[in-house]
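Chemist: The region 'Disordered' feature in TrEMBL is assigned to 1-29. Annotated coiled coil per TrEMBL: 66-100, in sequence order. Summarising the annotation, TrEMBL assigns domain 'Kinesin motor' to 143-476. Feature annotation from TrEMBL assigns ATP binding site to 232, 233, 234, 235, 236, 237, 238, 239.
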Ligand SMILES: Nc1ncnc2c1ncn2[C@@H]1O[C@H](COP(=O)(O)OP(=O)(O)OP(=O)(O)O)[C@@H](O)[C@H]1O
């Protein structure tokens with residue numbers, strides 16, 4: 001093989017081609033610099049040929065190599081500089097990206113807060129709309145509702161004299177065939193038509209009955225006084241409607257109302273409401289009050305008086321007012337009240353049918369965020385049996401009981417009628433029952449009356465009386481209730 005540097009012809013060609021000489025293998029910059037020095041040292045300016053590695057090379061060739069190396073070093077240096085600049089600009093852009101990320105995170109948080117607020121606001125609006133609609137409906141209907149409930153026959157079978165039209169759940173007809181004194185062919189059918197806000201037939205379950213009053217119960221949490229009572233003769237289903245049985249599907253108005261109140265209050269807590277609940281359970285027998293939550297010695301039972309405070313609040317002296325925080329706590333109190341009632345029942349021969357029992361849940365709510373407070377009472381009352389006993393047939397304690405029951409139920413009717421007529425004087429004090437229920441019955445309250453009727457034919461006269469009383473109540477239009485809010 002011929003070498004370029006030893007062949008003058010090739011050297012000429014290479015020189016003519018400028019830089020097109022074969023390049024040395026690549027080396028590191030430091031190594032090149034060292035080589036440069038080694039190469040530079042033996043060179044003599046006078047000699048065109050220098051010794052390299054023992055071989056002699058022309059000086060111009062070595063100089064070319066040095067120049068080549070220098071240009072490469074300079075290239076590397078400029079590349080290093082470029083990379084360093086790129087690094088700097090990358091660092092800058094990373095810092096900018098971090099700032100941008102921080103800004104975006106904070107924007108996102110703000111957006112979340114806004115969405116959460118908007119969600120709460122929408123829930124709040126939904127809640128306000130629900131309350132508004134419910135209260136408008138209530139105003140249109142008037143603030144006293146009457147529901148009629150027919151108990152199933154004890155012996156089973158078909159009820160003939162009470163007709164409930166299939167297409168109308170508000171009407172009821174009581175029919176009776178009256179024998180004519182001129183013979184059977186002259187028998188006449190006498191019908192009595194009634195209409196109420198709702199009529200429940202014997203097959204309607206507890207759940208469906210409660211569904212009809214759940215909005216009313218709900219409004220107790222909105223600051224309205226609510227009173228629901230069951231009226232009817234003994235054995236017509238008042239206690240079944242108000243308290244019901246222990247099985248889930250048998251539970252009556254009181255346990256279902258308590259459950260609803262506590263469930264709804266939990267939801268309202270999420271919107272900033274705080275509630276305090278106080279329960280009491282009192283029985284009125286022969287115009288005497290008895291604390292059904294009393295746990296002391298039987299012979300140490302205190303006496304009770306109904307008092308009205310300067311701000312028109314009704315309280316009972318020496319009565320147990322128990323703070324409650326859950327549905328379970330209230331259920332325990334109801335069990336205690338039943339125990340107290342059954343003791344009295346054994347001692348006094350079916351005493352419970354002849355006493356009124358009043359369960360009251362006082363509700364105080366506060367939403368400090370919105371600066372609103374509300375106060376209300378939910379009264380659920382199981383009235384004494386309404387049957388009339390002929391004076392001649394009842395004597396002694398029984399006569400006293402019946403007089404007292406009739407008087408308090410009559411007074412209840414009078415109070416409701418006086419409220420409906422917007423009379424300036426309402427005779428609440430005429431009976432312990434109306435005096436105790438004063439704040440729940442007044443114009444600022446929502447009232448619901450159940451009239452419970454027995455379907456047995458021999459109960460016909462009592463059923464007619466009950467329906468007539470309930471109709472009078474149904475005709476009453478108590479003024480618009482307003483929430484007790486500050
Ligand atoms: N809708 C109903 N469905 C099934 N059973 C009922 C219904 N209503 C009442 N009963 C049953 O009828 C019986 C009498 O009912 P309840 O004790 O509730 O009458 P009451 O009006 O409260 O009587 P009292 O005035 O003596 O307290 C009970 O055995 C009860 O379980």
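Every residue gets a Cβ built from N, Cα and C, even glycine.
Curation plays no part in TrEMBL annotations; they are all automatic predictions.
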Chemist: Which state, by DSSP, holds residue 234 (ATP binding site): helix, strand or coil?
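Modeler: Where residue 234 (ATP binding site) sits, the three-state DSSP reduction gives coil.
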Chemist: What same-chain residues, at least 6 away in sequence, bring their CB to under 8 Å of the CB of residue 235 (ATP binding site)?
Modeler: 151, 353, 385, 454
Chemist: Go through the binding-site residues 233, 234, 235, 236, 238 and pull out the ones with a Cβ less than 6 angstroms from some atom of ligand 1.
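Modeler: Among 233, 234, 235, 236, 238, near ligand 1: 234, 235, 236, 238.
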Chemist: Specify all same-chain residues, apart from the site residues 232, 233, 234, 235, 236, 237, 238, 239, whose Cβ lies within 8 angstroms of the center of the Cβ atoms of the ATP site, ordered by sequence.
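Modeler: For the ATP site, the extra neighbours are 151, 230, 353, 385, 452, 454.
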Chemist: Could you tally the C-beta atoms, other than its own, that fall within 10 angstroms of the C-beta of residue 239 (ATP binding site)?
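Modeler: Neighbour count, Cβ to Cβ under the 10 Å cut-off: 19.
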Chemist: For residue 233 (ATP binding site), what residues in its own chain, 6 or more apart in sequence, show a Cβ-Cβ distance under 8 Å?
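Modeler: Once residues fewer than 6 apart are set aside, residue 233 (ATP binding site) is near 385, 386, 387, 453, 454, 459, 462, 463, 466.
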Chemist: 232, 237: which of these binding-site residues has the sparsest Cβ neighbourhood within 10 Å?
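Modeler: Fewest other Cβ atoms within 10 Å, among the binding-site residues 232, 237, is found for 237.
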Chemist: Specify the count of other C-beta atoms within 10 Å of the C-beta of residue 234 (ATP binding site).
Modeler: 16
Chemist: Which residues, sitting 6 or more apart from residue 236 (ATP binding site) on the same chain, put a CB under 8 Å from its CB?
Modeler: 151, 385, 452, 453, 454, 459, 466
